[in-house]
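Visitor: Questions regarding the structure given below will be posed in turn.
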Amino acid sequence: MRFGRLEASDRPTVSPTKLHLDADVEKRDAVREAFDWSWKAYERCAMGADELHPLSCSGSNLTAAGGVGYTIIDSLGSLLVMDFVDEYKRAAAWCRANLDFDRDGVFNTFETTIRVLGGLLSAHYLTSVHPDPTVQADAPFFLERTTDIGDRLLGAFDTPTGIPYSGINLHSRQGIPDRDNNGWASLAEAATLQLEFKYLSHLTGDMIYWRKAERVLQVIRNQVTHDGIAPIFISPQNGGFIASDIRLGSRGDSYYEYLLKQWLQTGRKEPVYRDMYDEAMGGIKKHLIGRTKKSGLIFTKELTPVRNQETGQQSWRVVPKQDHLVCFLGGSFILGVTESGNRDVDWSDLDERDTEDFLVGSGIVKSCVDTYKTESGLGAEIVMFYQPEDQGADEADWYIKPGKGLIDARNILRPETVESLMLAYRSTGDEKYREWGWEIFQAFQKHCRVESGGYAIIEDVRVSPAKQEDRMETFWLSETLKYLYLLFDDSDHIPLSTHVFNTEAHILPVFEPAQLTAFSTS
């Protein structure tokens, strides 16, 4: 597919290295108030529980073994970034008194890493650089808790290949294979642990975390053959990919996200990850990108394996399905062009690859925002795009599958679209990204805000007023509101050039690595 030219009217005018963006104080403070409304409801109704149920003013834990403070740990960074110092101190006090990872139950390795390990690493970093000495004093405590949970997670990597099991018993420290998927590991879950474990090695000087995380990427690198893109399941037993979907949504998404971010995290000193990222983006552009007939929107597709029963040969069936999760990709493409604000970009003289990447990235951001053009003004969990040859392609670009019982039409307060809006705005200074973000925030305010406190997911974005469900996801506090806040904040606050966000939006610093990756793309 040809992606066209970067027209002068769409071309940013200032290199990201020279870009300074002032805060829109009114809009930023409106987002801050929404966080305050959410946090106060959690403190009042569910303090210490993993999740808040705002309609019933209650809380619950994600495992029968008891909670591990998911919402609190997920919120520590946002509390500090938005300057809720008193609220942060109460959350930190709860952690000191109650945070206990000696839980005899099965926890998801990936979720525990990105939320708990990532959240504590970020809390350690943000407290260590905070201007208030009483906040700084918490940094050693968070590092101690980080090391504890990191050590407990290591057992998941005890497999014949080093590809981690999907579950971990935090008490016995034993890895548990995925009982629902034949013991396979998902690509995203196995390859979205690296930012956290490598930073933990940097802080502690113990390279075991680094080696465990790096081994996963080495195995994957040796197996990837399909133009840098890969099936969503891999075997921890032999390291081989399972014949399964190739997609950028669930079970695939953050593998691609972390390729670029690993390169950025260590100051662009590990080119193997940039090489893997560039190869993967090339494969995505070749195999997984489409354009609608009606409006020319760029969208992503999935590939499903189909085996010929007579010959045994495998082919791929194209499915024009796009999860909301995929909307991270627009910002990732743009971040790759600007090198997270570290590259002096001449927008009028980009080479072919960078031009394509910017066009695809900004195009995906636009398409994701377009899927918010629903009765509620909110985007759905899953949308289907019309391919040019499909019936209906002349009248519409996309649709939401009808039918009761489907999750497709829900909005669960996901962050990926506003994440890309923040990255795109900070990279280009184009005000349309703030305008789109504000429209989305207003829709959250209208349909998801609970009168008694908190915000709730909604059942169907095609209905206005929307019907709320009794759940507030932790990533609403960790990701969605943080990205919206930073979209409207001064660009010197948490600059992209010196920070990376893990896939739960936990803020980690760029650092100088003590050692470099032990494998290469050659």
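Each Cβ is built from the backbone N, Cα and C atoms, and glycine gets one as well.
What TrEMBL records for GLU111, GLU381 is active site, proton donor. Taken from TrEMBL, the feature active site applies to ASP253, GLU416. Per TrEMBL, Ca(2+) binding site is recorded for THR503. Feature annotation from TrEMBL assigns disulfide bond to CYS327-CYS368.
Quick one: how deep are these features, and who are their neighbours?
Guide: Sequence-distant neighbours of GLU111 (active site, proton donor): no residue of the same chain at least 6 apart has a C-beta under 8 Å from its C-beta.
Taking Cβ-Cβ distances under 8 Å and a sequence separation of 6 or more, the neighbours of ASP253 (active site) in its chain are ALA188, ASP323, LEU325, VAL326, PHE328, LEU329.
Sequence-distant neighbours of GLU381 (active site, proton donor) (same chain, 6+ apart, CB under 8 A from its CB) are ASP323, HIS324, ILE407, ASP408, ALA409, ARG410, ASN411, ILE412, ARG414.
Around GLU416 (active site), the same-chain residues six or more apart in sequence whose CB sits under 8 Å from its CB are HIS324, LEU325, VAL326, CYS327, PHE328, CYS368, listed in sequence order.
THR503 (Ca(2+) binding site) falls within neither a helix nor a strand when secondary structure is assigned with DSSP, and so counts as coil. There are 26 other CB atoms within 10 A of the CB of THR503 (Ca(2+) binding site), with all protein chains counted.
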Visitor: Provide the three-state secondary structure of GLU111 (active site, proton donor) computed with DSSP.
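Guide: In the DSSP reduction, GLU111 (active site, proton donor) maps to helix.
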Visitor: Tally every other Cβ atom lying within 10 Å of the Cβ atom of CYS368 (disulfide bond).
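Guide: Excluding its own Cβ, the number within 10 Å is 29.
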Visitor: Please give me the CB contact count at 10 A for CYS327 (disulfide bond), counting all chains in the structure.
Guide: 28
